[in-house]
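Undergrad: First the structure, then my questions, so here it is.
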């Protein structure tokens, strides 16, 4: 059911450090306590996506949609700064799944990302909020594009799993 561990999986784990923010938000800010449950489910889904074998496409797609739903929901209804968490999807899309933008995951990523962007844009009151939102969107889109370019240039080689 799960693929072996690759040394190239380590960068996926490093990004998990940013999930400290939603956890701290439940204790130190005004995030509802029940967001701890959906954040924990996000972590589990993310880890399963990293290691699940490719033959389980229905499960992979369901978990992918959950990750998208989580980030969109938390961004729109809890904290707009959670839009940064779309970097999880950008990395999985390119490096884990080797997908392009025209794939199911690529299209759902763009649809949810830009839908979230439009929601935040329409609810932003200040110019500084909108400028920051555009900067974040450019960063996420740029990250995705650069990762696609690096992958197409063959800059990513999966290493063999450890024994």
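Cβ atoms here come from the backbone N, Cα and C positions, even for glycine.
TrEMBL annotations: computationally assigned, not manually curated.
If you look up TrEMBL, you'll see 12-29, 35-52, 64-90, 102-121, 133-150 marked as transmembrane segment.
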Undergrad: Top stretch among 64-90, 102-121, 133-150 for CB pairs under 8 A with the transmembrane segment (35-52)?
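TA: Stretch with maximum Cβ contacts: 64-90.
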Undergrad: For the transmembrane segment (133-150), what are the same-chain contacts with Cβ under 8 Å, counting residues 6+ beyond its ends?
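TA: Same-chain contacts beyond the flanks: 80, 83-84, 86-87, 90-91, 93-95, 100-101, 109, 113, 117, 120-121, 124, 156.
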Undergrad: Where else in the chain does the transmembrane segment (64-90) make close Cβ contacts, counting only residues six or more beyond its ends and a cut-off under 8 Å?
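TA: Residues 15, 18, 21-22, 25, 29, 31-32, 35, 38-39, 41-42, 45-46, 49, 105, 108-109, 112-113, 115-117, 119-120, 129, 133, 136-137, 140, 143-144, 147 contact the transmembrane segment (64-90) from elsewhere in the chain.
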